[in-house]
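See structure below.
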Amino acid sequence: MENRWQVMIVWQVDRMRINTWKRLVKHHMYISRKAKDWFYRHHYESTNPKISSEVHIPLGDAKLVITTYWGLHTGERDWHLGQGVSIEWRKKRYSTQVDPDLADQLIHLHYFDCFSESAIRNTILGRIVSPRCEYQAGHNKVGSLQYLALAALIKPKQIKPPLPSVRKLTEDRWNKPQKTKGHRGSHTMNGH
């Protein structure tokens, strides 16, 4: 019988970012209790030796599983040290992979207080609304003019430490274009 391959999207992430993610998840599970329903699975609880950890986030009758890996093949650059993250949505026997933005939106729908679009309608109806959004990573678009006006009145409260964002975990901070301050290009290229 032939070998069968299963392809999975694994976001290449540096080790320090994964460690920060794990610390934030554990802090909000055990200390702040904002993520008390989440489940953290250690590497020694997994049968796969490449799995570093798993975070199971219940979403109603489904769940989001964020798996961190170690010991993968290194990437093209020196800092790609064989660490990675996969994000999976599971419901009963069905599972699919999701991108970090969608993962943050799914987390935001089920956890953390939010001052959202529905706040405008609820405010007009005289209902009490949450004064601010605790999980800004869950919003990926610019709100309506009314939403922006109401949000401008209420400054977001900085939560220390911040809530764990999947988008922030998988963000590629190495390949972004560098920003130089003050100078308009190279001195040698400008002829100065």
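Count begins at 1; order follows the chain as displayed.
Here the Cβ of each residue, glycine as well, is placed from N, Cα and C on the backbone.
Copied from Swiss-Prot, the annotated features are:
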type     : residues : note
COMPBIAS : 176-186  : compositional bias 'Basic residues'
REGION   : 14-17    : region 'Interaction with host APOBEC3F'
REGION   : 40-44    : region 'Interaction with host APOBEC3G'
REGION   : 54-72    : region 'Interaction with host APOBEC3F and APOBEC3G'
REGION   : 74-79    : region 'Interaction with host APOBEC3F'
REGION   : 75-114   : region 'RNA-binding'
REGION   : 151-164  : region 'Multimerization'
REGION   : 151-180  : region 'SOCS box-like'
MOTIF    : 108-139  : motif 'HCCH motif'
MOTIF    : 144-153  : motif 'BC-box-like motif'
Counting only residues 6 or more past its boundaries, what in the same chain has a CB within less than 8 Å of a CB in the region 'Interaction with host APOBEC3F and APOBEC3G' (54-72)?
10, 13, 15, 18, 21-22, 25, 35, 37-41, 43, 46, 82-91, 98, 103, 106-107, 109-111, 166, 169
Quick check on the region 'Interaction with host APOBEC3F and APOBEC3G' (54-72): DSSP residue counts for helix, strand, coil, in that order please.
0 helix, 14 strand, 5 coil
